[in-house]
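Chemist: What Swiss-Prot shows for this protein is this:
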DOMAIN    38-146  domain 'Inhibitor I9'
CARBOHYD  ASN72  N-linked glycosylation site
DOMAIN    148-694  domain 'Peptidase S8'
ACT_SITE  ASP180  active site, charge relay system
CARBOHYD  ASN193  N-linked glycosylation site
CARBOHYD  ASN241  N-linked glycosylation site
ACT_SITE  HIS255  active site, charge relay system
CARBOHYD  ASN398  N-linked glycosylation site
DOMAIN    418-513  domain 'PA'
CARBOHYD  ASN427  N-linked glycosylation site
CARBOHYD  ASN480  N-linked glycosylation site
CARBOHYD  ASN525  N-linked glycosylation site
CARBOHYD  ASN553  N-linked glycosylation site
ACT_SITE  SER619  active site, charge relay system
CARBOHYD  ASN715  N-linked glycosylation site
CARBOHYD  ASN723  N-linked glycosylation site
CARBOHYD  ASN767  N-linked glycosylation site
CARBOHYD  ASN808  N-linked glycosylation site
Amino acid sequence: MVRVMLVRFGFLLLMISFVFLSNNTLGQQQDDDDDSAVYIVTLKQPPIVHLFEEQELKHKKSKFTPKLRPRNNSRKRHGKSKIPSVVQSHDSFLRKTLKGEKYIKLYSYHYLINGFALFINSQQAEKLSMRKEVANIVLDYSVRTATTYTPQFMGLPQGAWVKEGGFEIAGEGVIIGFIDTGIDPNHPSFNDNDSKRSYPIPKHFSGVCEVTPDFPSGSCNKKLIGARHFAQSAVTRGIFNSSEDYASPFDGDGHGTHTASVAAGNHGVPVIVSNHNFGYASGIAPRAFISVYKALYKSFGGFAADVVAAIDQAAQDGVDILSLSITPNRKPPGVATFFNPIDMALLSAVKAGIFVVQAAGNTGPAPKTMSSFSPWIFTVGASSHDRVYSNSLTLGNNVTIPGMGFAIPTDSGKMYKMISAFHALNNSTSVDKDMYVGECQDYENFDQDRVSGKLLICSYSARFVLGLSTIKQALDVAKNLSATGVIFYIDPYVLGFEINPTPMDMPGIIIPSVEDSKTLLKYYNSSIQRDVTTKEIVSFGAVAAIEGGLNANFSNRAPKVMYYSARGPDPEDNSFNDADVLKPNLVAPGNSIWGAWSSASTDSTEFEGEKFAMMSGTSMAAPHVAGVAALIKQSYPQFTPSTISSALSTTALLNDNKGSPIMAQRTYSNPDQSLYTATPSDMGSGFVNATAALDPGLVFDTSFEDYISFLCGINGSDTVVFNYTGFRCPANNTPVSGFDLNLPSITVSTLSGTQTFQRSMRNIAGNETYNVGWSPPYGVSMKVSPTQFSIAMGENQVLSVTLTVTKNSSSSSFGRIGLFGNTGHIVNIPVTVIAKIASS
């Protein structure tokens, strides 16, 4: 039986060292009828990180104490000196197993997982799978990518930055690693030209900067301290385009440059787009170090084998935090979603002390759309903030239509006639010849005399979202036709896509609402005068004025959970059974975020050639949290990943800037017209609160051994746990569910009868007395003990929570436990339950 798992979900996170060894050249890859492919092979011997001696804090104690038996129980600490022997053992193993055969080894994985990536055929894969040393063979799979003002919205200038000593040192000494599309090293957001304070030398970092023609010597500096690229899987497949994708850490896409600047970009960088200053940018942790591991590319996305190599290298280099704005196309198959090369490698990264942040995914708002699964990964959803660049269109009938677009206004006090692109065609053009003429992409389709001096109405279709048509091209057409401005109305088929404000170098507006677009067209059509006999158009009577959208206002109710942000419950498997784990962990600003942009990016034509771009998605939310995590790590260097996670979660905000409960968008059609009170399935613990996270009061600790116990509690997981981690599940192991983990939340997918859950908390603040309050989920009675306790610094307190089913619930219901300290600390614990009364 061939032990080969076919896996095709499109996100991956793991780490490896870059070792390219080939027994033949790429020209010898395969014949036309060959079935060769890239496989990720993991071996049963543990990676280097599992050989490390545990260095736990004296006060740290695992809640669970299973009798775990690693294959190698050596207490000796292993470091870089171990790497050559691991790589040599891989080569020796392959030579013996595939003696005389052609194959390409792309990478050796050794730090977080023990294995390699190979380009082989199916017969060779089967031969490898029969070897007792092999744990898993997985087909390589594709992966994809998933501020000026947000630091102010998050309260950093008056809060967290003040606690750190000011923005001048916020995040200093902490290294954030980014697995993304690379970086533009010449961007001012990443220079080290701080004349007042030089950057310290990171003593715990061993990474390097690649030197290539497009990433020359000197690209890195005292802030950007590491940069590598990983593309061997793509190269082996023959799809790597070096002129477009750049065989270097240089960012040809823009996404990686953007995310890095959101987390750790320099403070006070002017955001100038289309010659207009939109403010001054800053990362959340502007003094943090940046190390870049490029594994995604503009033309094809990325592949698991390359991403795995990037993460393994990042861990080996010594990063403190990993930010991953990438998500899967589908849920991992197998026993549980947690058992995939990515999450297993990230579990090893957490064991090594790395805090891992991942985007939730942009597949909301339906339930169970979560793309980040495991409890050791901190999952971030996307929310709005209160800044809005308002633009509007005032019609001749005194109706005002809201819209968007970074555009200048039409002349004050003056109305201009409008003309639809379909009515502006020249005599040689028709819709029959070009069905896309309404998108205003070709100057030669139009009659300049008809358009000159008017507002040209164009259709914004799905082709704009796909990059087949562009705002920039439509504006160029309008200028060549001497139009006064451009109005874009939305095509109904664009529903479900987030549209960001776009720079316009003339008066213009995008109307993102279908209903508002209908209002515009109804007025326009009703104002057309026709000849009574011939029905030919005599004149266009509709007039309008564009207000312009260059100025921001800050009156928006925020935050709101964005409709596209992936939702819980967390799916445990491909049958969509619920895991007893809260996802997302929280939400952070992700909508309409200014960030640095690569000088070579053509990913967004509207921002091509600009130094900044506005983007939306959970990709933008995750680096906000990575930056806050860097601030926490700076204040508490001894904090483990789970402690950082706890500090972020228990301090999250539940109310918006108006003092009301945070709302969530329910649908992508007119999302702000379908708001409802956000639940933990939408926003996790709430909205990130950077200032409070630096002083959480009580923290919840969860160890690597706890996570292993959790994995061992999954039915049929014994062999998988052993193959991935090297730990054997005890024969008499008491099952541990997600709700048993010492997490700052309680999530029960099926609650029947009465169950009691315990949470252990450690006080990292001064002596304090806490009062405990709670609100039970629907269909459940709740009792929490103790209702009051006093605790000294360094002491632990166990909280006992008893839930009893009183009514059936067909879906998740939500409650909350609040701990209120007499010195001001507040600890929030969300409770999510599906209650089931057992049938008699």
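Cβ coordinates are placed from backbone N, Cα and C, and glycine is handled just like the others.
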Chemist: Go through the recorded positions HIS255, ASN553, ASN767 and tell me which ones have a CA within 10 A of the CA of ASP180 (active site, charge relay system).
Modeler: HIS255
Chemist: Nearest to ASN808 (N-linked glycosylation site) by Cα distance: which of the recorded positions HIS255, ASN525, ASN553, ASN723 is it?
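Modeler: That would be ASN723, the closest of HIS255, ASN525, ASN553, ASN723 to ASN808 (N-linked glycosylation site).
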Chemist: So which recorded positions are near SER619 (active site, charge relay system), with CA atoms within 10 Å, out of ASN241, HIS255, ASN767?
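Modeler: Among ASN241, HIS255, ASN767, the ones whose Cα sits within 10 Å of that of SER619 (active site, charge relay system) are HIS255.
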Chemist: Around ASN808 (N-linked glycosylation site), how many other CB atoms lie within 10 A of its CB?
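Modeler: If we count other Cβ atoms within 10 Å of ASN808 (N-linked glycosylation site), we arrive at 11.
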Chemist: Counting each residue once, how many in the domain 'PA' (418-513) are helix, strand and coil under DSSP?
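Modeler: Secondary-structure breakdown of the domain 'PA' (418-513): 30 helix, 22 strand, 44 coil.
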Chemist: Taking only same-chain residues 6+ apart in sequence, whose CB is under 8 Å from that of ASN427 (N-linked glycosylation site), what do you get?
Modeler: ASP447
Chemist: When DSSP states are folded down to helix, strand and coil, where does ASN715 (N-linked glycosylation site) land?
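Modeler: DSSP call for ASN715 (N-linked glycosylation site): coil, neither helix nor strand.
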Chemist: Per 10 Å Cβ neighbour count, which of the recorded positions ASN241, ASN553, SER619 ranks highest?
Modeler: SER619
Chemist: Would you kindly give the Cα-Cα distance separating ASN398 (N-linked glycosylation site) and ASN525 (N-linked glycosylation site), rounded to the nearest Å?
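Modeler: Taking the Cα atoms only, ASN525 (N-linked glycosylation site) lies 16 Å from ASN398 (N-linked glycosylation site).
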Chemist: 10 Å Cβ neighbour count around HIS255 (active site, charge relay system)?
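Modeler: Step by step: centre on the Cβ of HIS255 (active site, charge relay system), count other Cβ atoms within 10 Å, giving 28.
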Chemist: What average pLDDT is reported by the model for the domain 'Inhibitor I9' (38-146)?
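Modeler: In the predicted model, the domain 'Inhibitor I9' (38-146) has a mean pLDDT of 75.
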Chemist: Just how many other Cβ atoms lie inside 10 Å of the Cβ on ASN715 (N-linked glycosylation site)?
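Modeler: Result for ASN715 (N-linked glycosylation site): 8 other Cβ atoms within 10 Å.
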Chemist: Spatially speaking, which of the recorded positions HIS255, ASN398, ASN553, ASN767 is closest to ASN723 (N-linked glycosylation site)? Use C-alpha to C-alpha, please.
Modeler: HIS255
Chemist: I want to verify one value. Collapsing DSSP to three states, which class is ASN553 (N-linked glycosylation site)?
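Modeler: DSSP assigns ASN553 (N-linked glycosylation site) to strand.
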Chemist: Given the glycosylation sites ASN241, ASN398, ASN480, ASN715, ASN767, state which is nearest to ASN553 (N-linked glycosylation site) when distance is taken between Cα atoms.
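Modeler: Answer for the nearest of the glycosylation sites: ASN398.
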Chemist: Indicate whether ASP180 (active site, charge relay system) is helix, strand or coil by DSSP.
Modeler: strand
Chemist: Provide the number of Cβ atoms within 10 Å of the Cβ of ASN480 (N-linked glycosylation site), excluding the reference atom itself.
Modeler: 13
